[in-house]
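*Asks:* So Swiss-Prot has the following annotated:
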- R91, G129, T130, R131: phosphate binding site (BINDING)
Amino acid sequence: MNDITKRPSGRTADQLRDVRITRHYTKHAEGSVLVEFGDTKVICTASIAESVPAFLRDRGQGWLTAEYGMLPRATHTRSDREAARGKQTGRTQEIQRLIGRALRSVFDLERLGARTLHIDCDVIQADGGTRTASITGAFVAARDAVAKLLATGRIETSPITDYVAAISVGVFDGIPVLDLDYDEDSQCDTDMNVVMTGDGGFVEIQGTAEGVPFSRDEMNKLLDLAQAGIATLIAKQKEALESKGE
């Protein structure tokens with residue numbers, strides 16, 4: 001795509017931010033990752049519990065669940081901790097459910113056995129795309145946690161059936177663009193989050209017009225951008241998992 005845009009970052013329409021995935025970022029979790037989409041930075045951990053929720057007892061399968069949060073000063077101005085307010089915001093609940101759905105789409109939960117994989121995504125710096133970065137990083141953390149289950153003989157076969165990653169797209173300055181940062185997200189005409197698997201299947205598409213409706217042609221262009229961007233992200237995941245320390 002050669003469309004000329006006036007993106008605040010100076011990126012071309014189809015250009016991702018610099019993406020980095022750092023494994024084994026914290027000491028205690030079975031899987032831990034620092035994922036960076038430009039200036040957006042998220043710590044993703046995967047922890048194993050040898051139990052399942054009550055609704056899955058005696059069912060012979062496991063569960064994967066996710067939680068999401070932001071440090072008070074992850075954004076331009078400080079926000080109170082949700083624990084101090086006594087409740088999670090609707091946004092937080094929506095995002096952590098999305099992360100859980102995205103990862104469960106590539107898990108065979110029966111192979112996991114009667115245990116739970118807890119995914120925690122904590123945003124330490126936000127510049128747009130925190131939910132998509134969380135999904136992309138959390139998958140790598142989950143892979144490392146599963147590798148430990150395999151290495152210790154607690155499971156015989158990996159429950160992971162494919163890769164999964166996510167990216168944002170939108171219409172900015174009249175042009176479909178990939179991987180919106182905060183400045184673009186706050187000014188765009190359309191904002192869309194797309195989750196896809198390694199084999200090209202769609203897990204979730206969240207799209208909203210921010211005042212100016214988008215056409216079917218624009219939606220198709222956005223999905224094409226997202227598909228190409230996610231293919232690059234999955235290549236980054238594979239590169240990280242193949243790096244020393246796997």
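The backbone N, Cα and C atoms fix where each Cβ goes, glycine too.
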*Asks:* For the phosphate site made of R91, G129, T130, R131, how many Å separate the two farthest Cα atoms?
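*Replies:* Max Cα-Cα spread across the phosphate binders: 13 Å.
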*Asks:* Which residues, same chain and not among R91, G129, T130, R131, have a CB within 8 angstroms of the centroid of the CB atoms at the recorded phosphate site?
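*Replies:* My list of surrounding residues reads Y68, I95, V123, A126, G128, T132, A133, S134, N193.
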*Asks:* Around the C-beta of G129 (phosphate binding site), how many further C-beta atoms are within 10 angstroms, looking at every protein chain?
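*Replies:* The Cβ of G129 (phosphate binding site) has 26 Cβ neighbours within 10 Å.
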*Asks:* So if I measure Cβ to Cβ from T130 (phosphate binding site) and keep only same-chain residues at least 6 apart in sequence, which ones fall under 8 Å?
*Replies:* T40, V42, M70, I95, V123
*Asks:* Where among the binding-site residues R91, R131 do you find the Cβ with the fewest other Cβ atoms within 10 Å?
*Replies:* R91
*Asks:* What kind of secondary structure is G129 (phosphate binding site) part of, going by DSSP in three states?
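*Replies:* G129 (phosphate binding site) sits in coil per DSSP, no helix or strand.
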